[in-house]
Structures are given as structure tokens and as C-alpha cells.
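Below is one structure, written out as C-alpha cells; comments come after it.
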Amino acid sequence: MTASSANEALPFPVLLADIGGTNARFALVEDAQRPIQVFPTVATHHYPSPDAAALDVLKTAGAPHPRAAVLAFAGPIEGERPVLTNASWAFDPHSLISALRLDELVLVNDFEALSLALPVLSGDAILSIGGGTAHPSAPRVVVGPGTGLGVGGLVQSGERWIPLPSEAGHMDLGPVTDEDFELWKVLERAHGRITPETLISGPGLLRLYRAVARLAGVDPTLESPAAVTEGVEAGNPLAIRALGFFVTHFARFAGDLALTYLARGGVYLAGGIAPRIASHLNDGRFRAMFEDKAPHTALVREIPTFLIQHPLPALEGLAAFARTPERFYVPAGHRFRP
């Protein structure tokens, strides 16, 4: 098996996949001019491996057999058999190429795939939140809470966009206000730490709710992140306070990323939770906390924030790369041939 060069054209048809610990989403690009053909989402735990899932999806759809595949999954691209976070699937390039009978395989992190989508998302696919003006060639960053908290950057070099993988969700996170300091005393740690992902994720929203309940001296009754968001809509005061903390820390972290990347091209909010709480992100609180970055408040105020509303943005990013790999840089070590 050999690695191919970073920007060679892929042979069509190209299978695309956005694979998480819970669901796997597959699509096919038959040639560079056609729109992607999206297949029904399947549950990851129903299959022993990614190739078994892909073959079943393709067979069920009666789709043409792909010559290449671009697979994105939640986990770092490390070692000879990268492993999917929160599930048992492994991504052995040799086994995948053999099982799927591919001429070429590309592996990327799920937030690299989202980063690849940023230059092609426009119109109704994104919703502007607050002010700021995007500079088309400036760095961009995408951040998305879901089961975990993903982060990816995108920078331009010449005519090519370079996605930057990140594990920023596992940095340390600290309190800011007196209210935060009280909260920190009762928060449940994850692996002995409080990180952005500890709070800004589905499990994090539930941790915040339980912490708020402890501060109020009452027993928590809601048992899932979905129940907390439903509680907000029903007027549950503990759920409302928990979501307030969630939005605040989400905004502060997004503002930190804006400074880290100097993301004058925009900060994009993605993941499974953000679209469900869109009204709470767009009521002024998020931008106020995002911009509260003295002594650089004026700088951050000029950086726009966008909510990604496209239902399958990672697949759009993979499709953009499959159609025009010369526009993007994906390391040659992530591209494999028999």
C-alpha cells in the first residue's frame, strides 16, 4: 500500500462518510458536476466495521460501486489503525481498501471535514449571529458541541485551504465570575478535570443542570441533555439557568478560539446542539460574552459568528474536496492506495 500525493484528482465515483460514535452518514459523488447522493443514516453499533456498514448501505441503495472513498470520523488520525472515539470501529487503510475494492482512500478527522465545508457554505446554510465582517481569505474556525466538543481551523495559503485539526476541547477551563466560582465547587469532573468539553457538550449540559440543582439544594429530576432543553421550553427554572451557563461558556470559548486563530474569516458554530438552541444563541447574550475579551474587545467585535444550519455540512466538505482536491491541502499521509 502506498500514499498518494496530497492534491491529485480522485477517481469517481467517490464514497463519502461522516462517522460518529452513534451514527454513520454515507453519500456518493458520481462525478465532479453532480450533486451528492445522500443515503439513509445508519446506527454505528449495528455493524462490526465501517466497511460492513458502507457495503450494506451501497447494496441497499443499488448505488454504483465507488472507486475512491473519503471517510471522516470522530477521532485523531494516528497510528496504523485509527480508532473511532466512543465506538469500537477501527480504520485500517489496508483492510478498508481491500474490503471496499478501492483505488484510493482518504481519511480525515470529522472536524477537518467540517473545516473543508466552510468555503462552500453560504445562503440559508449559515445564519449570521451578531455583527462583524468576514474577510474572505482570513483564518476561520469551527466549533461544535455534541456528544463531545470538536474544534477545527482553516487557513489559506496561496490558492489552497488547509484544515487544521485540533483537540482544543480538552484544554483546561476556569471560572470567571463569582457565580462561576460557586458553580465550580459542585461541578462533576471528567477524568479529574474541567475542560471546555466537560461543560460545552450534551453531557456537559446535563452536568450543568445537576450542578445548578445542587446549588439550589434540590434533587435533579431531568436525566438527559434532551430533557434539559425540553425543560427550558417548558419554563423549568433550573434548566433555564443551566442553559444560561452553557451559552455563556460556549460564547467565551468561541471568543478564545477567535483570538487563538485570529479568525477574521469567521467563527462557525456546528454540532448537534447549536441548531436546537438557535434562539438562545441569537438573543444577544452569546455575542456579548463572545466579545468580552479585554484588552482585545474591539478586535473580537469585528469577527463574525455564524450558525451552520446545513443538515450535513461535513459531507458537503468532503464533497468539495472530492470534486476539487487542488483547492485544499490534506496531508499525503492521509491518502492511501493499494
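First residue shown is number 1, and so on along the chain.
The backbone N, Cα and C atoms fix where each Cβ goes, glycine too.
These numbers come from a predicted model, not from an experiment.
The feature ATP binding site is assigned by TrEMBL to Ala17, Asp18, Ile19, Gly20, Gly21, Thr22.
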If the ATP site is taken as the center of the Cβ atoms of Ala17, Asp18, Ile19, Gly20, Gly21, Thr22, which further residues of that chain fall within 8 Å of it by their Cβ?
Asn23, Ala24, Arg25, Thr44, Phe73, Ala74, Leu84, Ala87, Asp110
Note: among binding-site residues Gly20, Gly21, least Cβ-dense neighbourhood at 10 Å is Gly21
By a simple count of other Cβ atoms within 10 Å, which of Ala17, Asp18, Ile19, Thr22, the binding-site residues in the record, is least packed?
Thr22
